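Following: one structure in structure tokens, then a few remarks.
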Amino acid sequence: MLKQVEIFTDGSCLGNPGPGGYGAIMRYGKHEKIFSAGFRLTTNNRMEMMAAIVALEALTQPCAVVLSTDSQYVRQGITSWIHNWKKRGWKTTDKKPVKNVDLWKRLDAALSHHDITWKWVKGHAGHVENERCDELARNAAGNPTLDDVGYTSEA
């Protein structure tokens, strides 16, 4: 039987593009792990994705994961859009390169060993874990220490 894990995520960007950060909380039973980092120049969507990626990549064995995000971009991208992007060689319907393809590929790989249920939560609506992740992300964005090497101005 797979371990049951809950992951809560949020991303933040001051300027979009601008300094950004992510926050994630991973919960297994009574155990909780916090993830957070800030980047000097990035976008909100990239930080939303990084929150999910970092938490999923921290799992050391296949798990049943309920991942809560307030990002429709991440939830729709991974549950709907990604299948056709992959079929088209990571191109959109109008044959343009998919934005943030480096992170979509990384997220896709991070999901491959797990049974994932995606849950959308309304941001800034009093959801306790989402509010905590938002605070982690905003604090990280306010003190960026990393370079987002995959960020390009077209992303």
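Every residue, even glycine, has its Cβ placed from backbone N, Cα and C.
Per Swiss-Prot, the features are as follows:
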type: BINDING; residues: D10, D134; note: Mg(2+) 2 binding site
type: BINDING; residues: D10, E48, D70; note: Mg(2+) 1 binding site
type: DOMAIN; residues: 1-142; note: domain 'RNase H type-1'
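Each residue in the domain 'RNase H type-1' (1-142) gets a DSSP state, and the totals come to 55 helix, 49 strand, 38 coil. The average pLDDT the prediction assigns to the domain 'RNase H type-1' (1-142) is 97. Close to the recorded Mg(2+) 1 site, the chain also has T9, G11, M47, A51, T69, S71, V74, G123, N130, C133, D134, A137: residues not among D10, E48, D70 whose Cβ is within 8 Å of the site's Cβ mean position. When the neighbouring Cβ atoms lying within 10 Å are counted for each of the binding-site residues (D10, E48, D70, D134), the highest count belongs to D10. Rounded to a whole value, the Cα-Cα separation of D134 (Mg(2+) 2 binding site) and D70 (Mg(2+) 1 binding site) is 10 Å.
Geometry remark: D10 (Mg(2+) 2 binding site) versus E48 (Mg(2+) 1 binding site), CA distance 5 Å.
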